[in-house]
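Working notes for the structure below.
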Amino acid sequence: MRIARPLRLLRFRSGGLAPIIVILAVLLVLLTARQPDFLSPPSLMSFLGRSAPVVLLAAGQYFVIVSGELDLSVGSLVTAQVVIAARLIDGDPSAGWPVVVLLLAFGVAVGLVNGLVTTRLRVPSFITTLGMFLILVGAVYLWSDGAPKGGLSEEFRLLGRSAFEDVPALGRIPYALLLLLAAAALALVLTRSDFGRTLVAVGGNPRTAELSGVRVWRAKTLAFVLSGLAATLAAVLIGGYSGVSFQAGAGLEFGAITAAVLGGVALGGGRGSAVGAMLGALTLETLFTLMNFYGVSGALKPTVQGAIILIAVAAASFRFPSR
Amino acid sequence: MSGLLPSPLLALRGIGKSFLGVRVLDGVDLQVRPGEVHAVVGENGAGKSTLMKVVSGVHQPDEGTIEFAGAPRTFRSPREAQQAGIGTVYQELTLLPERTVAENVWLGREPLRRGLVDRRAMLGRTAELLASVGEGSLPPDTRVGRLGVAQQQVVEIVKALALDARLLIMDEPTAALADHEVGQLYALVRRLQEHGMGVLYVSHRLKEVFALSSRITVLKDGRAVTTLDTADTSADQLVRHMVGRELSSYYPDPAQPQELGPVRLTVRGGGNRKLRGIDLRLRAGEVLGVGGLQGSGRSALARALFGAAPFSTGQVTVDGAPVRLRSPRAAIRAGIAYVSEDRKGEGIVAGQSVLDNALLAGRAVRPGRLGRGARTARVRELLAAFELRAAGENQEIRFLSGGNQQKVVLARWLALAPRILLFDEPTRGIDVGAKSAIHDLVRRLARDGAAVLMVSSELPELLGMSDRIIVMRDGRIAGELAAGATEEDVVALAVGTEREAAG
């Protein structure tokens, strides 16, 4: 028998994304029923711009989760980056780009430490990144004596809060959305690269990967670095959009993990797509918007996230009973 | 036989057991008398362990009866068998390392005094039991984790005694013991025998069987072939009973002398935790078979050559140049490929597609855009040549049959054009048709100039495929056999009857 020609290819490719697309569509329908102009260009553009940080974090989290690990440190990394940026820039308009480069380096460094401690010292990533979370929170408090110092320059904040104005048909295109699209394209290229496919194999079966010549520790460490970079970009957007605060990144790690799981990325690794994780983030944001319109208390957000994680993981274990 | 024999302690009649439609035990009869050490021998997969698990209540037989101490019994759990007086010392020890000897012995049945554990009674009774088996020097308040394997075994046995066991099952008890510890175990078993205890003794090692047992039952393919009085039996006879089957003839032709090329791989003095003093040469064009029992080091040898559990001593050369095979990656770069015996655990990524699985090694070792299209094309070609049966190259590999999964694993390696191939049980769990396809492929690879090392526990496969066979025992190469060797030759080397190897 020969391999059947790739006619069926589409079915297998879309198989993983179908549920999240359906959920997102249903939520959008519910949302437009309540708020008919939600899907109008200006409102949609601003929604996508606002969602950009979480979508970025979900993409970063995808790489870590698909490799079989978990990154709980991204929320506090976002906070740390915002606070660091504020203190270093301290209102100086010319400090913007150098500080962004520095933040990127810091994001890479945090990812490297997370990755190396997890793979080389064999600390479970849940613990490694929980430790990193606490370390960053404490260090930032110590470094700024309990209250954020300095301030972000207007130039630095442009990326997070400004937009191309008066674009025909669409109106306003936030810079954040453009950054997001660029990052999403990059994520897509990465997931289809040799590295991306190998990373899925590492999460799916590390023994097989190792015995096929994969340097498992290196692949996982790179995944953490990608997550650190995603958190840095998210921090730049959040700093610009909402300013400096110790709460800047609070809870974002759970948002990102919930989004990834909702988008079909299997906890434990080996299954899922970056697109799914990003759609998961949009779905989550849509859901929160919907809750807002229907007057549901914002205090319920964590409860909803928790319920989603439980349901999504349980649903996945029905779809893919033991490997 | 004349005279009155004591009535049997344990009598199995017509025991049958199937797993997923595969008949593992078929009409097994076996009797153990009080004070008898009854050995059970057979090849890997003959059904020894399953039979022991039936007696100890882990498995329930599909048919047949178990009579113990004169009454018919059914054991629905190991606990019921224990309470009836059947103790088991497993291959892997099951003690709690952080507790003391006495705590382990009385675990779950601690003697109580006014509702509290009576430590003194516990220690005292443990000491008595230890003394009764001649191990009085072992303090009952030692932490088990500090004891060696042999002493832990003593604790397991004493634990069984504390339950008033009258029959003790010992499944490969010496597998993890050093030579001098084996002697201690012998003494212990004999003392149990004097106490009138029956012992069911499973072992691969004929030396032990002859040293300890009074009778031997041979299992083969799930049937009890025969029960022999040890005193009237020679090692050769026993081996013949264990093997006794015809060699089928559908294997591809072996290599002709002129087809053998230069030496591809040499090992001198190779050793690690599981291997000692390995010397071997592997030539281009030949299939070197590796035989031996489970745990003899045959898989460890393949893993050492692949860098998965590297040699810690000795020298390895590939094509004449010294190499250090410290990791699978290093081995792959040296032109070595390895097909694991554990396909599911180490061979495939179950949730990834056929294509992703086939590309894995290439992506890992030679990543990058360059040659990416050619690599994919090569893998597709190989999959087509292997007549892979799949719904498409994007189907997840877990939905494929074992044989087709193995074809994908082979394609992964052949895409790298390795010069040395290590196969560990390449046809395990594969149906007959796919089996001979893989046999043909292995031979074709050798003919094309690859050097092949193939581990197999299936004797017909080992004899049918190999140009030369080395047999492993206790981490060493016990001997080498030329083509034309018999199953008896292999088994004799594997179990270590002191007999000269033919060829």
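FYI, residue positions are counted from 1 along the chain as it appears here.
Using the three backbone atoms N, Cα and C, a Cβ is placed for every residue, glycine included.
TrEMBL: automatically predicted annotations, no manual curation.
Residues or ranges marked as transmembrane segment in TrEMBL: A:12-32 (among others).
Annotated transmembrane segment per TrEMBL: A:44-65 (among others), in sequence order.
Residues annotated as transmembrane segment in TrEMBL: A:72-89 (among others). When Cβ-Cβ distances below 8 Å are used as the criterion, the transmembrane segment (A:72-89) is approached by residues 53, 57, 60-61, 95-96, 99, 102-103, 106-107, 110, 114, 126, 129-130, 132-134, 136-137, 139-140, 143-144, 148-153, 156, 227-228, 230-232, 234-236, 238-239, 244-254, 256-257 of the same chain, each at least six residues removed from its ends.
For A:95-116 (among others), the entry in TrEMBL reads transmembrane segment.
For A:123-143 (among others), the entry in TrEMBL reads transmembrane segment.
Same-chain neighbours of the transmembrane segment (A:173-190): 45-46, 48-50, 52-53, 55-56, 59, 62-63, 158-160, 162-164, 167, 196, 226, 230, 233, 237, 240-241, 274-275, 278, counting only residues six or more beyond its ends whose CB sits under 8 Å from a CB of the stretch. If you look up TrEMBL, you'll see A:173-190 (among others) marked as transmembrane segment.
The transmembrane segment feature in TrEMBL is assigned to A:222-242 (among others). Sequence-distant contacts of the transmembrane segment (A:222-242), counting only residues of its own chain at least 6 positions beyond either end whose CB sits under 8 Å from a CB of the stretch, comprise 50, 52-54, 56-57, 59-61, 63-64, 66-67, 69, 71, 73-74, 77-82, 85-86, 100, 103-104, 106-112, 114-115, 118, 125, 152, 156-162, 176, 179, 183, 190, 195, 199, 248-249, 252.
Feature annotation from TrEMBL assigns transmembrane segment to A:248-267 (among others).
Annotation source TrEMBL lists transmembrane segment at A:274-296 (among others). Sequence-distant contacts of the transmembrane segment (A:274-296), counting only residues of its own chain at least 6 positions beyond either end whose CB sits under 8 Å from a CB of the stretch, comprise 16-17, 20-21, 23-24, 27-28, 30-31, 34-35, 38, 47-48, 50-51, 54-55, 57-59, 61-63, 65, 184, 187-188, 190-191, 255-256, 258-265, 304-305, 308.
The feature transmembrane segment is assigned by TrEMBL to A:302-320 (among others).
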Is it the case that the transmembrane segment (A:248-267) and the transmembrane segment (A:12-32) have 3 or more CB pairs under 8 Å, with pairs at least 6 apart in sequence?
yes
Mind checking which residues of the chain, 6+ beyond the ends of the transmembrane segment (A:302-320), have their Cβ under 8 Å from one of its Cβ atoms?
251, 254-255, 257-258, 261-262, 264, 266-267, 271, 284, 287-288, 291
Same-chain residues at least 6 beyond the ends of the transmembrane segment (A:44-65) with a Cβ under 8 Å from one of its Cβ atoms are 38, 71, 74, 78, 125, 163, 170-174, 176-177, 179-180, 183-184, 187, 190-191, 199, 203, 222-224, 226-231, 233-235, 237-238, 241, 252-253, 255-257, 259-261, 263, 265-267, 269, 272-274, 276-278, 280-282, 284-285, 289
